[in-house]
């Protein structure tokens with residue numbers, strides 16, 4: 001590339017493109033960019049790099065937005081020094097909008113805008129131009145960028161983006177009080193001309209409000225605007241560009257301004273005198289009448305307080321406020337009596353709960369009214385001398401015992417007699433009765449405090465011959481406690497103790513309960529019952545705090561000897577009269593490990609030591625084998641002789657059952673057991689039958705046959721004798737091997 005070659009730009013100023021003097025600084029900036037680029041390459045490579053001078057000379061292009069003419073707008077013309085006009089140079093345009101918005105004539109270098117441009121959509125476009133050989137498309141110049149800026153025109157009106165607006169200002173505000181600020185925006189270029197310079201004005205809402213032209217701040221324009229007269233105002237604000245001059249575009253918005261309430265009005269009674277009436281049969285707390293002071297203010301500014309300031313009825317009546325209606329409610333404080341006083345007068349004052357000191361100069365924020373109350377006569381029911389009664393009666397007192405008396409009187413002038421009765425639904429079981437004339441309450445049966453300690457009944461009193469009006473009163477009857485219940489264990493639980501327990505060990509702490517009331521400093525006393533006082537197993541210690549401790553006095557227990565102990569304990573409540581009872585504490589002996597952890601408290605019906613010797617086992621097996629051999633032998637012999645299986649004679653069969661509970665004695669036991677005695681029971685009694693005399697039979701028998709029952713009995717006798725023999729064999733076997741055999745049934 002040759003030195004001094006460059007691309008020249010011709011700025012066409014036809015009203016659509018604008019020649020700007022700002023192009024010179026941009027050219028300098030471009031040259032500075034080249035210089036910086038060279039310096040950067042020198043620092044990078046460590047040496048100066050020589051390159052051809054760029055032949056591009058650029059200026060900024062300007063295009064007016066919103067052009068609607070029939071022909072495309074000529075933006076500018078590109079020309080290169082190497083272009084001799086022979087058509088061998090082709091100009092190429094690339095970048096934003098190239099080919100769609102901006103097109104270039106590749107021969108002449110003319111750039112046209114084919115579409116209408118909108119600065120508010122895109123303010124500028126960055127494009128790249130390059131000159132290449134038409135036949136080879138080989139670049140003749142390096143590509144360079146240039147900018148096409150869209151010049152703004154006033155085509156956008158101001159807009160209020162957040163309208164309509166809502167604002168509030170206190171009533172009675174001073175002139176110039178700020179209400180709110182509204183702001184409009186203009187999409188036009190604020191840096192070019194006056195297209196985006198806005199001025200605010202008020203179109204609707206005068207003379208109450210005004211707006212600052214430059215800031216859009218809305219302020220009050222009239223003093224003492226009263227909310228009670230008018231609460232809402234509709235204000236229209238306009239924003240106009242071009243500094244508000246002729247030809248500028250404008251936009252409007254609505255502002256709804258509400259006056260908020262302040263306490264600028266005192267309460268006021270509509271009338272100065274009110275008349276009310278109350279019947280003498282009304283009870284305290286009932287409403288007599290209502291009155292209201294009006295206050296046009298809202299919320300807490302309209303809250304009204306009422307109080308009685310004077311009058312002869314201040315002690316008989318009271319006043320309160322209904323929070324929903326803001327009315328003064330006059331209620332009866334004490335019962336009124338027509339016969340005693342028939343009229344009352346009250347003075348009521350109404351005032352605001354919250355006052356605004358700014359308006360105190362306008363006068364007192366309170367008002368007063370007079371209330372006259374007339375008492376009306378009524379047929380009143382009887383009145384009891386007490387609002388309720390409380391009586392006491394002894395427990396187990398006989399029926400007919402006087403509990404107490406209630407009394408009522410007729411408040412009317414007639415002073416009629418009174419009839420009393422107990423309301424049945426309050427005394428369903430009819431424990432009490434009342435004298436209908438005197439009001440004396442009596443019991444109908446003995447009362448048990450432990451079943452029911454309080455009886456709450458209602459008694460009614462009515463005038464005899466009256467208008468069926470009655471009065472009711474609550475009667476509370478307390479049953480006084482009598483020490484008629486003996487104490488007993490608080491819990492019926494078995495006590496578990498280890499076989500190897502050490503003497504003096506605490507095994508249980510027992511406590512007691514009593515259905516009766518415990519007097520002050522009264523406690524239970526414990527002792528072992530007299531019948532067990534001399535036992536050597538356990539002892540008891542009274543802790544003097546209504547508990548007792550049980551200790552072991554012996555060394556160890558044996559479950560085989562005795563697994564359950566019953567310890568009778570006597571408990572005395574030390575009351576008046578004193579009551580006592582004997583309760584049995586069950587103590588079980590259990591098997592424990594070395595750490596006194598209970599393993600089992602169950603008792604086995606038979607306990608056989610696990611260490612039987614080999615000789616004992618052999619003896620048991622030998623007995624079983626002998627038994628089987630004898631049975632087989634007898635069966636074989638009887639089949640050959642065809643005789644019954646049992647070889648005993650027809651003598652009477654008896655059993656000698658020998659019971660013993662001593663240890664083996666060797667040969668003495670074998671001599672004491674005579675098998676012959678079992679086989680011949682008659683011989684044991686000293687009677688030996690004669691064999692030389694044939695007995696006479698009273699009844700003929702069939703030869704060769706015996707009664708079936710006799711055979712069964714002989715077999716049974718044989719089995720019993722064999723069992724005894726087996727037991728003796730096992731007994732001696734275990735005895736000789738040093739093994740203890742214990743039996744517990």
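Cβ coordinates are placed from backbone N, Cα and C, and glycine is handled just like the others.
The signal peptide annotation in TrEMBL covers 1-22.
Among the features that TrEMBL reports, domain 'Cadherin' is placed at 80-160 (among others). Confidence across the domain 'Cadherin' (80-160), taken as the mean pLDDT and rounded to a whole number, stands at 85.
In terms of DSSP secondary structure, the domain 'Cadherin' (161-269) contains 3 helix, 45 strand, 61 coil. Summarising the annotation, TrEMBL assigns domain 'Cadherin' to 161-269 (among others).
Sequence annotations record features per position, and here TrEMBL assigns domain 'Cadherin' to 270-384 (among others).
Annotated domain 'Cadherin' per TrEMBL: 385-489 (among others), in sequence order.
Look at TrEMBL and you will find 489-607 (among others) tagged as domain 'Cadherin'.
Residues annotated as transmembrane segment in TrEMBL: 606-637 (among others).
Summarising the annotation, TrEMBL assigns transmembrane segment to 712-732 (among others).
DSSP labels the residues of the domain 'Cadherin' (270-384) in these numbers: 10 helix, 55 strand, 50 coil.
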